[in-house]
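J.: Per Swiss-Prot, the feature UDP-N-acetyl-alpha-D-glucosamine binding site maps to 11, 12, 13, 125, 166, 191, 246, 291. Per Swiss-Prot, compositional bias 'Basic and acidic residues' is recorded for 366-383. Annotated region 'Disordered' per Swiss-Prot: 364-383, in sequence order.
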């Protein structure tokens, strides 16, 4: 029996690798448990309970990129966050604590380290975030997804495993065999959409009119641009499924011949595992421009093309879609190279190390817990 506490979140890019780890842990043994720690404002407050896992909350804010007053407020909140973290850890008694980035991971992982609980962090991006850079000095293991991140951490702690992918997405993708006659383009910009991508894609339609009978689009717009984008496709006579949010990404990937999207770490992990050619448009306001650094790894491998949003026009995007559609051999090459970067076993490798950390510290049966605690059954994911 093993109990893993996963700390962090805030965005899907941080949280979903943690969900993937949780799925791997609870499927290994019916008595394994996973508990998450996050913030009320983060995406975890909605997603984690829906997935069937317990969630503890701490009140903590980021320190980087704030004005003076906001920084003071965040600093004053830190002691309380540490106290909350110690209480949660004492109550939950995890065998291992894994930080996945985001505000909550800092105080929780640091408190676990001070309590002698084995710790690890998982860095999703090629350019590590502030919290993980700090935590990398004290944790036992640092899991990275890009070779470029290695230089930011103590070499002996680093393990390159890739970004864990949710079991549901992988299993459904492998079962999906969607036949389609038209060249299918999947367009999305994250769960909230991306106005820059939405605008450039609808502008690109003006230069793709002669291909409208051979193209099909699946476009996730987010809430704000849904109606305007839907109208753009309809007015120009293109076949398109325009939705606010795609619930079944595995089927969307299975149907796609080409993907136009941002360059978040989780998205890139999905592209490589699903072996998809892509046009990447990094989020221009990402911290330290980390999405562009992420994208560069795929571009250098020949698996993707990248355009800066500020330099990309609708006409240029249309030209790129046209060229890739006209050269299927190039698309196949990009797909093959994307697949070579994929790491479908990342969650398994991460869970294996968690087991090793538990055994090294507590023995094969983990920490001693009261009979009532020991009989608790791990909440199961709905995935």
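Cβ coordinates are placed from backbone N, Cα and C, and glycine is handled just like the others.
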J.: Under a three-state reduction of DSSP output, how is residue 246 (UDP-N-acetyl-alpha-D-glucosamine binding site) classified: helix, strand, or coil?
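T.: The residue in question, residue 246 (UDP-N-acetyl-alpha-D-glucosamine binding site), is coil (DSSP, three-state).
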J.: Run through the Cβ atoms and count how many others sit within 10 Å of the one on residue 12 (UDP-N-acetyl-alpha-D-glucosamine binding site).
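T.: Looking across every protein chain shown, the total is 19.
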J.: If you count the C-beta atoms lying within 10 Å of each candidate's C-beta, which of the binding-site residues 11, 125, 291 ends up with the smallest number?
T.: 11
J.: Run through the Cβ atoms and count how many others sit within 10 Å of the one on residue 166 (UDP-N-acetyl-alpha-D-glucosamine binding site).
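T.: Its Cβ has 24 other Cβ atoms within 10 Å.
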J.: Which residues of the same chain, at least 6 positions away in sequence, have a Cβ lying under 8 Å from the Cβ of residue 13 (UDP-N-acetyl-alpha-D-glucosamine binding site)?
T.: 101, 124, 125, 264, 265, 266
J.: What number of additional C-beta atoms lies within 10 angstroms of the C-beta atom of residue 246 (UDP-N-acetyl-alpha-D-glucosamine binding site)?
T.: 17
J.: Look up residue 12 (UDP-N-acetyl-alpha-D-glucosamine binding site) in the DSSP assignment and report helix, strand or coil.
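T.: Going by the DSSP assignment, residue 12 (UDP-N-acetyl-alpha-D-glucosamine binding site) falls within a helical segment, counted as helix.
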J.: Translate the DSSP assignment of residue 291 (UDP-N-acetyl-alpha-D-glucosamine binding site) into the three-state scheme.
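T.: It is helical.
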